[in-house]
Amino acid sequence: MEGKEEDVRVGANKFPERQPIGTSAQSDKDYKEPPPAPLFEPGELASWSFWRAGIAEFIATFLFLYITVLTVMGVKRSPNMCASVGIQGIAWAFGGMIFALVYCTAGISGGHINPAVTFGLFLARKLSLTRAVYYIVMQCLGAICGAGVVKGFQPKQYQALGGGANTIAHGYTKGSGLGAEIIGTFVLVYTVFSATDAKRNARDSHVPILAPLPIGFAVFLVHLATIPITGTGINPARSLGAAIIFNKDNAWDDHWVFWVGPFIGAALAALYHVIVIRAIPFKSRS
């Protein structure tokens, strides 16, 4: 791998960069920091790659909601946890779907499948505001459609089993739920930044499967920890889609938690990556 180069996509935006790979990328002097994405990029609107990226986000989030909501309903329908896949199975469904969908869509849209991930990458200037807003809209629409198809196939069961809607469990306060969502999303978005870091990818020869695997595993672990508290949101589109289709008061009572928490967690992860891990503000001064 000595002396070779490859195109490395930064985060999940459309700006490739030519970087050395393997042993030739070990030195900081061999790495060039990619330019920040522009805030507004009207030219994207005329590009098919822009529109197909949004379609990929829509389909991925649609499939994500369809599989995961069905899994949650299957567990709730069982007479006891031993008769179903249980919390571990739900966590595997969420983590496994993220692993598969990020792997499938990373080369097209970056494989966000989550408004919090998109927001964090936008704050780190990995993609434009134009693309970020478009992604979030398509993710939410995909989530609504995914939950809607589940309800269309099983209307009675969907309403009786809660429709996979996120709520704060009895015995926990709104503060506890908010904290769980903030920290859970921080873990996820921090993992996304680390797994898609252009410098690390260049140094490690950018093996494609290395990014989806830790991201999916992070989702799995966060679900194990926070399902008993909030049912695990960490994805505003997932929470919104289930809440809209279920459409009961208890699904909306604490719905703000599943937007505010993930966005705060994503913002903290973006700041931590940019300021502490990459020290970009300090590099620009020197």
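Counting begins at 1 with the first residue displayed.
Each Cβ is built from the backbone N, Cα and C atoms, and glycine gets one as well.
The model shown is predicted, which means the values in this text are computed figures rather than measured ones.
Noted in Swiss-Prot for the protein shown:
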type	residues	note
MOD_RES	MET1	N-acetylmethionine
REGION	1-34	region 'Disordered'
TOPO_DOM	1-54	topological domain 'Cytoplasmic'
TOPO_DOM	76-81	topological domain 'Extracellular'
TOPO_DOM	103-132	topological domain 'Cytoplasmic'
TOPO_DOM	154-174	topological domain 'Extracellular'
TOPO_DOM	196-208	topological domain 'Cytoplasmic'
TOPO_DOM	230-256	topological domain 'Extracellular'
TOPO_DOM	278-286	topological domain 'Cytoplasmic'
TRANSMEM	55-75	transmembrane segment
TRANSMEM	82-102	transmembrane segment
TRANSMEM	133-153	transmembrane segment
TRANSMEM	175-195	transmembrane segment
TRANSMEM	209-229	transmembrane segment
TRANSMEM	257-277	transmembrane segment
Whether the transmembrane segment (55-75) meets the transmembrane segment (133-153): three or more C-beta pairs under 8 angstroms: yes
Field: Structural state census, the topological domain 'Extracellular' (154-174) (DSSP three-state)
entry: 10 helix, 0 strand, 11 coil
Task: Run through the topological domain 'Extracellular' (76-81) and tell me, per DSSP, how many residues are helix, strand and coil.
output: 3 helix, 0 strand, 3 coil
The transmembrane segment (209-229) in contact with the transmembrane segment (175-195), cutoff 8 A, at least 3 CB pairs, sep 6+: yes
Query: Against which stretches of its own chain does the topological domain 'Extracellular' (230-256) lie, if we need a Cβ under 8 Å and a gap of at least six residues from its ends?
result: 61, 64-65, 68-69, 72, 94, 113-116, 136, 139-140, 142-148, 150-151, 158-159, 162-169, 172, 174, 177, 180-181, 184-185, 188, 219, 222-223, 262-263, 265
- prompt: What same-chain residues lie close to the topological domain 'Cytoplasmic' (103-132): Cβ under 8 Å, and 6 or more beyond its ends?
  reply: 9-14, 36-42, 44-45, 50, 52-54, 56-57, 59-61, 64, 139-140, 185, 188-189, 192-193, 196, 208-209, 211-212, 234-238, 262-263, 265-267, 269-271, 273-274
Query: So which residues does the topological domain 'Extracellular' (154-174) touch in its own chain, when a touch means Cβ under 8 Å and the partner is 6 or more beyond its ends?
result: 65, 68-69, 72-73, 76-77, 147, 228-233, 238-239, 242-243, 245-246, 248, 250-251, 253-255, 257-258
Statement: Helix, strand and coil residue totals from DSSP for the topological domain 'Cytoplasmic' (103-132) stand at 16 helix, 0 strand, 14 coil
Message: With helix taken as DSSP H, G or I, strand as E or B and everything else coil, how many residues of the topological domain 'Extracellular' (230-256) land in each class?
response: 16 helix, 0 strand, 11 coil
Field: Folded-back contacts onto the topological domain 'Extracellular' (76-81), same chain, C-beta under 8 angstroms, at least six residues removed
entry: 87, 157, 161-162
